[in-house]
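A.B. asks: According to TrEMBL, the record shows the following:
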{"type": "ACT_SITE", "residues": "Asp18", "note": "active site"}
{"type": "ACT_SITE", "residues": "Asn66", "note": "active site, proton acceptor"}
{"type": "BINDING", "residues": "Asp18, Glu205", "note": "Mg(2+) binding site"}
{"type": "BINDING", "residues": "19-23, Arg31, His35, 63-65, Trp67, Arg69, Arg186, 192-194", "note": "substrate binding site"}
Amino acid sequence: MTTTEQNYIPRHIGIVMDGNGRWAKARHRPRSFGHNAGRKAVRQVVEGCLRMGVEALTLFAFSSENWQRPQEEVSALLDLFMRALDKEVDELHANGVRLRFIGDLDAFDQPLQQRMLAAAKRTAGNEKLHLNVAINYGGRWDIVHAARQLAAAVARGDLSVDAIDEPAFDLHTSLAGLPPLDLFIRTGGDRRVSNFLLWQLAYAELYFTDTLWPDFNQLSLQHAINDFARRERRFGRTGDQVAQA
Ligand code: IPE
Ligand code: IPE
Ligand code: MG
(Lines of atoms letter the chains of each structure in order from A and count residues from 1; the text may use other names and numbers.)
(Lines give C-alpha, C1' and ligand atoms only; values in the text may rest on other atoms or scores of the structure.)
(Ligands and ions follow the chains in the order given, each with its own letter.)
Protein backbone atom coordinates (compact mmCIF):
# COMPACT_ATOMS: atom_id res chain seq x y z
CA MET A 1 0.00 0.00 0.00
CA THR A 2 1.40 3.41 -0.92
CA THR A 3 1.30 6.30 1.51
CA THR A 4 -1.20 8.14 -0.73
CA GLU A 5 -3.60 5.25 -0.46
CA GLN A 6 -2.97 5.12 3.28
CA ASN A 7 -4.32 8.68 3.56
CA TYR A 8 -7.69 7.47 2.42
CA ILE A 9 -7.99 4.86 5.10
CA PRO A 10 -10.19 6.19 7.91
CA ARG A 11 -8.34 6.15 11.21
CA HIS A 12 -11.47 5.52 13.24
CA ILE A 13 -14.69 3.82 12.10
CA GLY A 14 -17.93 3.58 14.08
CA ILE A 15 -20.65 1.12 13.09
CA VAL A 16 -24.33 0.80 13.97
CA MET A 17 -24.72 -2.92 13.38
CA ASP A 18 -28.39 -3.00 12.41
CA GLY A 19 -30.68 -5.47 10.66
CA ASN A 20 -30.18 -8.72 12.56
CA GLY A 21 -33.88 -9.09 13.34
CA ARG A 22 -34.99 -8.57 9.74
CA TRP A 23 -32.29 -10.94 8.53
CA ALA A 24 -33.67 -13.66 10.81
CA LYS A 25 -37.28 -12.89 9.96
CA ALA A 26 -36.56 -13.36 6.26
CA ARG A 27 -35.41 -16.87 7.18
CA HIS A 28 -38.41 -17.55 9.43
CA ARG A 29 -36.12 -17.81 12.43
CA PRO A 30 -36.17 -16.09 15.84
CA ARG A 31 -34.47 -12.71 16.18
CA SER A 32 -31.74 -14.24 18.33
CA PHE A 33 -30.71 -16.32 15.29
CA GLY A 34 -29.95 -13.05 13.52
CA HIS A 35 -27.95 -11.69 16.46
CA ASN A 36 -25.93 -14.87 16.49
CA ALA A 37 -25.29 -14.62 12.76
CA GLY A 38 -24.04 -11.07 13.33
CA ARG A 39 -20.96 -12.41 15.08
CA LYS A 40 -19.44 -13.47 11.79
CA ALA A 41 -19.82 -9.94 10.48
CA VAL A 42 -18.01 -8.62 13.55
CA ARG A 43 -15.11 -10.97 12.86
CA GLN A 44 -15.07 -9.84 9.25
CA VAL A 45 -14.87 -6.13 10.04
CA VAL A 46 -12.22 -6.65 12.71
CA GLU A 47 -10.14 -8.64 10.23
CA GLY A 48 -10.68 -6.01 7.55
CA CYS A 49 -9.66 -3.19 9.87
CA LEU A 50 -6.52 -5.07 10.93
CA ARG A 51 -5.63 -5.75 7.32
CA MET A 52 -6.16 -2.17 6.17
CA GLY A 53 -4.52 -0.50 9.13
CA VAL A 54 -7.59 1.20 10.61
CA GLU A 55 -6.54 2.37 14.08
CA ALA A 56 -9.85 2.27 15.92
CA LEU A 57 -13.20 0.56 15.45
CA THR A 58 -16.22 1.33 17.63
CA LEU A 59 -19.19 -1.04 17.39
CA PHE A 60 -22.70 -0.33 18.67
CA ALA A 61 -23.74 -3.62 20.27
CA PHE A 62 -26.52 -2.58 22.67
CA SER A 63 -28.04 0.84 23.10
CA SER A 64 -29.46 2.38 26.26
CA GLU A 65 -32.82 2.20 24.44
CA ASN A 66 -32.53 -1.50 23.65
CA TRP A 67 -33.67 -2.39 27.22
CA GLN A 68 -37.15 -1.67 25.90
CA ARG A 69 -37.08 -4.83 23.79
CA PRO A 70 -38.88 -7.97 24.99
CA GLN A 71 -37.18 -9.39 28.06
CA GLU A 72 -36.26 -12.63 26.30
CA GLU A 73 -34.50 -10.80 23.48
CA VAL A 74 -32.54 -8.70 25.97
CA SER A 75 -31.47 -11.85 27.85
CA ALA A 76 -30.54 -13.62 24.63
CA LEU A 77 -28.43 -10.65 23.56
CA LEU A 78 -26.58 -10.42 26.87
CA ASP A 79 -26.07 -14.15 26.90
CA LEU A 80 -24.67 -14.09 23.39
CA PHE A 81 -22.48 -11.20 24.37
CA MET A 82 -21.01 -13.08 27.32
CA ARG A 83 -20.35 -16.21 25.25
CA ALA A 84 -18.78 -14.19 22.43
CA LEU A 85 -16.56 -12.46 24.94
CA ASP A 86 -15.27 -15.77 26.31
CA LYS A 87 -14.73 -17.20 22.88
CA GLU A 88 -13.18 -14.34 20.94
CA VAL A 89 -10.80 -12.69 23.40
CA ASP A 90 -7.92 -15.13 22.84
CA GLU A 91 -7.87 -14.52 19.13
CA LEU A 92 -8.33 -10.77 19.45
CA HIS A 93 -5.44 -10.68 21.89
CA ALA A 94 -3.27 -12.80 19.58
CA ASN A 95 -4.01 -10.35 16.77
CA GLY A 96 -2.94 -7.32 18.78
CA VAL A 97 -6.41 -5.95 19.38
CA ARG A 98 -7.03 -3.75 22.39
CA LEU A 99 -10.57 -4.33 23.57
CA ARG A 100 -12.60 -1.81 25.54
CA PHE A 101 -16.24 -1.41 26.52
CA ILE A 102 -17.96 1.92 26.51
CA GLY A 103 -21.32 2.74 28.02
CA ASP A 104 -22.93 2.67 31.44
CA LEU A 105 -21.55 -0.70 32.52
CA ASP A 106 -22.95 -0.46 36.06
CA ALA A 107 -26.26 -1.74 34.71
CA PHE A 108 -24.80 -5.21 34.16
CA ASP A 109 -24.44 -7.97 36.70
CA GLN A 110 -21.08 -8.48 38.37
CA PRO A 111 -19.92 -11.55 36.36
CA LEU A 112 -20.40 -9.72 33.08
CA GLN A 113 -18.75 -6.56 34.38
CA GLN A 114 -15.81 -8.62 35.63
CA ARG A 115 -15.41 -10.34 32.29
CA MET A 116 -15.45 -7.06 30.40
CA LEU A 117 -12.88 -5.58 32.79
CA ALA A 118 -10.68 -8.66 32.55
CA ALA A 119 -10.75 -8.63 28.74
CA ALA A 120 -9.89 -4.92 28.70
CA LYS A 121 -7.07 -5.43 31.18
CA ARG A 122 -5.66 -8.43 29.37
CA THR A 123 -5.52 -6.64 26.03
CA ALA A 124 -4.49 -3.23 27.40
CA GLY A 125 -0.96 -3.48 25.99
CA ASN A 126 -2.08 -4.12 22.41
CA GLU A 127 -1.77 -1.42 19.82
CA LYS A 128 -2.71 -2.77 16.43
CA LEU A 129 -6.40 -1.97 16.62
CA HIS A 130 -8.48 -0.30 19.30
CA LEU A 131 -11.78 -2.15 19.38
CA ASN A 132 -14.47 -0.41 21.41
CA VAL A 133 -17.73 -2.20 22.04
CA ALA A 134 -20.58 0.13 22.97
CA ILE A 135 -22.93 -1.61 25.34
CA ASN A 136 -25.71 0.11 27.29
CA TYR A 137 -24.33 3.10 25.47
CA GLY A 138 -26.09 6.30 24.46
CA GLY A 139 -24.52 9.39 22.92
CA ARG A 140 -26.49 11.61 25.25
CA TRP A 141 -25.36 9.58 28.24
CA ASP A 142 -21.74 10.05 27.11
CA ILE A 143 -22.15 13.83 27.02
CA VAL A 144 -23.98 14.00 30.36
CA HIS A 145 -21.39 11.73 31.94
CA ALA A 146 -18.57 14.01 30.77
CA ALA A 147 -20.45 17.08 32.03
CA ARG A 148 -20.88 15.48 35.43
CA GLN A 149 -17.21 14.65 35.73
CA LEU A 150 -16.26 18.21 34.84
CA ALA A 151 -18.79 19.62 37.30
CA ALA A 152 -17.41 17.35 40.03
CA ALA A 153 -13.87 18.54 39.29
CA VAL A 154 -15.03 22.15 39.54
CA ALA A 155 -16.88 21.44 42.80
CA ARG A 156 -13.73 19.87 44.25
CA GLY A 157 -11.77 22.93 43.25
CA ASP A 158 -9.55 20.95 40.86
CA LEU A 159 -10.76 22.73 37.73
CA SER A 160 -11.74 26.28 36.90
CA VAL A 161 -14.84 26.93 34.81
CA ASP A 162 -12.72 28.85 32.31
CA ALA A 163 -10.64 25.74 31.69
CA ILE A 164 -13.65 23.91 30.27
CA ASP A 165 -13.13 24.00 26.54
CA GLU A 166 -13.71 21.44 23.78
CA PRO A 167 -10.47 19.48 24.31
CA ALA A 168 -11.09 19.37 28.08
CA PHE A 169 -14.63 18.16 27.52
CA ASP A 170 -13.47 15.57 24.99
CA LEU A 171 -11.05 14.15 27.56
CA HIS A 172 -14.01 13.03 29.65
CA THR A 173 -15.93 11.31 26.85
CA SER A 174 -15.82 7.57 26.24
CA LEU A 175 -13.45 7.64 23.29
CA ALA A 176 -10.96 10.13 24.73
CA GLY A 177 -7.46 9.70 23.42
CA LEU A 178 -8.46 7.84 20.26
CA PRO A 179 -8.27 9.31 16.77
CA PRO A 180 -11.32 11.39 15.81
CA LEU A 181 -14.20 9.42 14.28
CA ASP A 182 -13.70 9.57 10.50
CA LEU A 183 -16.38 7.25 9.19
CA PHE A 184 -19.81 6.32 10.53
CA ILE A 185 -21.43 3.25 8.97
CA ARG A 186 -25.00 2.09 9.52
CA THR A 187 -26.24 -1.14 8.02
CA GLY A 188 -29.86 -2.24 7.73
CA GLY A 189 -31.22 0.59 5.58
CA ASP A 190 -32.30 3.13 8.20
CA ARG A 191 -30.74 6.55 7.95
CA ARG A 192 -30.50 7.65 11.54
CA VAL A 193 -27.96 7.82 14.34
CA SER A 194 -30.12 6.25 17.09
CA ASN A 195 -28.20 7.94 19.92
CA PHE A 196 -24.80 6.49 18.94
CA LEU A 197 -21.70 8.70 19.14
CA LEU A 198 -23.24 12.19 19.14
CA TRP A 199 -20.28 14.27 20.29
CA GLN A 200 -17.82 12.32 18.15
CA LEU A 201 -19.96 12.51 14.98
CA ALA A 202 -19.35 16.25 14.53
CA TYR A 203 -17.19 15.84 11.42
CA ALA A 204 -17.48 12.15 10.59
CA GLU A 205 -18.46 11.08 7.09
CA LEU A 206 -21.78 9.24 7.12
CA TYR A 207 -22.31 6.04 5.14
CA PHE A 208 -25.57 4.11 5.01
CA THR A 209 -26.12 0.76 3.39
CA ASP A 210 -29.18 -1.46 2.97
CA THR A 211 -27.07 -4.56 3.65
CA LEU A 212 -28.31 -6.26 6.81
CA TRP A 213 -25.63 -6.65 9.47
CA PRO A 214 -25.23 -10.48 9.23
CA ASP A 215 -24.48 -10.08 5.50
CA PHE A 216 -21.85 -7.37 6.00
CA ASN A 217 -18.33 -8.61 5.21
CA GLN A 218 -14.85 -7.43 4.31
CA LEU A 219 -15.96 -6.50 0.81
CA SER A 220 -18.82 -4.41 2.22
CA LEU A 221 -16.29 -2.66 4.46
CA GLN A 222 -14.05 -2.06 1.45
CA HIS A 223 -17.01 -0.47 -0.39
CA ALA A 224 -17.64 1.85 2.54
CA ILE A 225 -13.97 2.82 2.70
CA ASN A 226 -13.82 3.40 -1.06
CA ASP A 227 -16.82 5.70 -0.74
CA PHE A 228 -15.11 7.53 2.12
CA ALA A 229 -11.93 7.88 0.05
CA ARG A 230 -13.80 9.69 -2.73
CA ARG A 231 -15.13 12.40 -0.45
CA GLU A 232 -13.59 15.80 -0.01
CA ARG A 233 -13.38 16.67 3.65
CA ARG A 234 -13.32 20.42 3.89
CA PHE A 235 -13.75 21.03 7.63
CA GLY A 236 -15.22 24.44 6.93
CA ARG A 237 -12.69 25.50 4.33
CA THR A 238 -13.32 25.93 0.61
CA GLY A 239 -12.61 23.23 -1.95
CA ASP A 240 -9.81 25.38 -3.42
CA GLN A 241 -8.13 25.70 -0.04
CA VAL A 242 -8.29 21.95 0.42
CA ALA A 243 -6.82 21.35 -3.04
CA GLN A 244 -3.90 23.67 -2.26
CA ALA A 245 -3.12 22.11 1.09
C1 IPE B 1 -29.27 -4.78 15.56
O2 IPE B 1 -30.23 -5.51 14.88
C3 IPE B 1 -28.84 -5.44 16.83
C4 IPE B 1 -29.22 -4.73 18.05
C5 IPE B 1 -29.93 -3.64 18.12
C6 IPE B 1 -28.77 -5.29 19.29
P7 IPE B 1 -31.77 -5.37 15.22
O8 IPE B 1 -32.11 -6.37 16.27
O9 IPE B 1 -32.13 -3.98 15.55
O10 IPE B 1 -32.41 -5.81 13.84
P11 IPE B 1 -33.67 -5.16 13.12
O12 IPE B 1 -33.41 -3.70 12.99
O13 IPE B 1 -34.84 -5.44 13.98
O14 IPE B 1 -33.71 -5.85 11.80
C1 IPE C 1 -29.33 0.77 17.07
O2 IPE C 1 -30.20 -0.12 16.45
C3 IPE C 1 -28.64 0.10 18.21
C4 IPE C 1 -27.70 -0.97 17.88
C5 IPE C 1 -27.36 -1.35 16.68
C6 IPE C 1 -27.09 -1.61 19.00
P7 IPE C 1 -31.76 -0.12 16.79
O8 IPE C 1 -32.36 -1.16 15.92
O9 IPE C 1 -31.96 -0.27 18.24
O10 IPE C 1 -32.20 1.33 16.34
P11 IPE C 1 -33.65 1.95 16.11
O12 IPE C 1 -34.47 1.61 17.31
O13 IPE C 1 -34.23 1.30 14.88
O14 IPE C 1 -33.44 3.40 15.91
MG1 MG D 1 -32.71 -2.37 14.42
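Using the three backbone atoms N, Cα and C, a Cβ is placed for every residue, glycine included.
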A.B. asks: I'd like to know which of the binding-site residues Trp23, Trp67 has the most other Cβ atoms within 10 Å of its Cβ.
C.D. replies: Trp23
A.B. asks: Where does Ser64 (substrate binding site) sit in the DSSP three-state scheme?
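C.D. replies: Coil, per DSSP.
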A.B. asks: Out of the binding-site residues I have (His35, Trp67, Val193), which ones have their Cβ sitting under 6 Å from ligand 2?
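C.D. replies: Cβ < 6 Å from ligand 2: none of the binding-site residues.
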A.B. asks: Can you tell me which of these binding-site residues sit near ligand 3, meaning the Cβ is under 6 Å from at least one of its atoms: His35, Trp67, Arg186, Val193?
C.D. replies: none
A.B. asks: Go through the binding-site residues Ser64, Trp67, Arg186, Val193, Glu205 and pull out the ones with a Cβ less than 6 angstroms from some atom of ligand 1.
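C.D. replies: None, as no Cβ falls under 6 Å.
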A.B. asks: Between Trp67 (substrate binding site) and Glu205 (Mg(2+) binding site), how far is it from one CA atom to the other, in Å?
C.D. replies: 29
A.B. asks: Could you say which of the recorded positions Asp18, Glu205 has its Cβ with the most other Cβ atoms inside 10 Å?
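C.D. replies: Comparing the recorded positions Asp18, Glu205, the most crowded Cβ belongs to Asp18.
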A.B. asks: Given Arg186 (substrate binding site) and the residue listed as 'active site', what distance in Å do their CA atoms have, once rounded to a whole number?
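C.D. replies: With distance taken Cα to Cα, the residue listed as 'active site' is 7 Å from Arg186 (substrate binding site).
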A.B. asks: For Gly21 (substrate binding site), what is the secondary structure state per DSSP, taken as helix, strand or coil?
C.D. replies: helix
A.B. asks: Please give me the CB contact count at 10 A for Ser64 (substrate binding site), counting all chains in the structure.
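C.D. replies: Summing over all protein chains shown, Ser64 (substrate binding site) has 19 other Cβ atoms within 10 Å.
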A.B. asks: Helix, strand or coil at Glu205 (Mg(2+) binding site), per DSSP?
C.D. replies: strand
A.B. asks: Within 10 Å of its Cβ, which one of these binding-site residues (Gly19, Gly21) has the largest number of other Cβ atoms?
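C.D. replies: When each Cβ's neighbours within 10 Å are tallied, Gly19 tops the list.
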